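**Student:** Below: one structure in structure tokens.
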Amino acid sequence: MIDLTGKTALVTGGTRGIGKAIVEALVQAGAKVVFTGSSAESAEKAMVAFAESGIHTFGLGGDVSDPEQAQKVVDLSLEYLEKIDILVNNAGITKDQLFMKMKREDWDQVMDTNLGGVFNVTKAVIKPMLKARYGRIINLGSVVGSTGNPGQVNYSASKAGLIGLSKSLAKELGGRNITCNVIAPGFIATDMTEQLPEAQKDTLISQIALGRLGEGKDIAGAVLYLASPLADYVTGTVLHVNGGMY
Amino acid sequence: MSDVAERVKKIIVDQLGVEEADVKDDSNFIDDLGADSLDTVELVMAFEEEFGLEIPDEEAEKITTVKIAIEHIQKALNG
């Protein structure tokens, strides 16, 4: 098993879905974890639910698309954790619509959170990581960033953009022992994929070699790997965890 | 040599891994001391920490030599 005792992590968007599974896995591996939710209420609620299942962690509310709130989240996390070894940029939203009907604000909101949020949080974390000469930045992309998907011009563009961001960061920071990688989940059973029409879900499953939707823990496993010493020589890469769907 | 100058030079030696004898007043961080652009950002971070200063990005860009760093910090501390 991967042991992250003594390591600390900040996970954005950790109240539900893939983020929740990531928080659980990191805590179970021994890391001290702070997670964020879009509001103080959702973070608090999730923190209580985690505690009830024996997962001790600290939740903060904050909209990462806002640079000031992102900075505040990181400042508070550093107070609690003292250092941030692992940053998991997981917070993301969808505003699906056929391109013909997509409003500019649907584009902007998705970009501001999925790409701008990663910029904001990483920017706030990077100085302490540089000083520590250690960092593991893990950005959550998506299979649709590589394949495209009807109705997701905004979302898929944001996730493809994340790959360029991560590869550049990997090059800038490699000399300082900071790695930056992307995990690109396929279709994982979460609230986000729950919204898809049944027919579309069936079509999707038929495209998955393993014949089923993924689970949060499938992605959490990839996070543990990239956060661990096993992946010390891995940077600027995209790890596809999608049951074989291309 | 002033106390500030000594502390600045010590940071440069530590941060860039250069010999103290090579750190002259007119040494340029990039051209003479082999720093890359990220090294210069980190140097300024180290100065900020050592002297309890905030050096804005547009000021930091101008700090390219040992002498300029010392002068800038002395000015900031006295201002």
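Yeah, the Cβs are placed from backbone N, Cα and C, and that goes for glycine too.
TrEMBL annotations: computationally assigned, not manually curated.
What you see is a predicted model, and the numbers here were worked out from it, not measured in a lab.
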**Student:** For the NADP(+) site that TrEMBL lists with A:GLY13, A:GLY14, A:THR15, A:ARG16, A:TYR155, A:SER156, A:ALA157, A:SER158, A:LYS159, A:ILE188, give the additional residue from the candidates A:ASN90, A:ASN242.
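**Tutor:** Candidate listed by TrEMBL for the same site: A:ASN90.
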**Student:** Counting only residues 6+ apart in the same chain, whose Cβ is under 8 Å from the Cβ of A:SER156 (NADP(+) binding site)?
**Tutor:** A:SER142, A:VAL144, A:GLY145, A:THR147, A:GLY148, A:ASN149
**Student:** Give the three-state DSSP assignment (helix, strand or coil) for A:ILE188 (NADP(+) binding site).
**Tutor:** strand
**Student:** Output, ordered by sequence, the same-chain residues six or more apart from A:TYR155 (active site, proton acceptor) with a CB under 8 Å from its CB, or 'none'.
**Tutor:** A:GLY92, A:THR94, A:LYS95, A:ASP96, A:VAL110, A:ASN114, A:SER142, A:VAL144, A:ASN149
**Student:** Including all protein chains displayed, how many Cβ atoms other than that of A:GLY13 (NADP(+) binding site) lie within 10 Å of its Cβ?
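**Tutor:** There are 25 of them.
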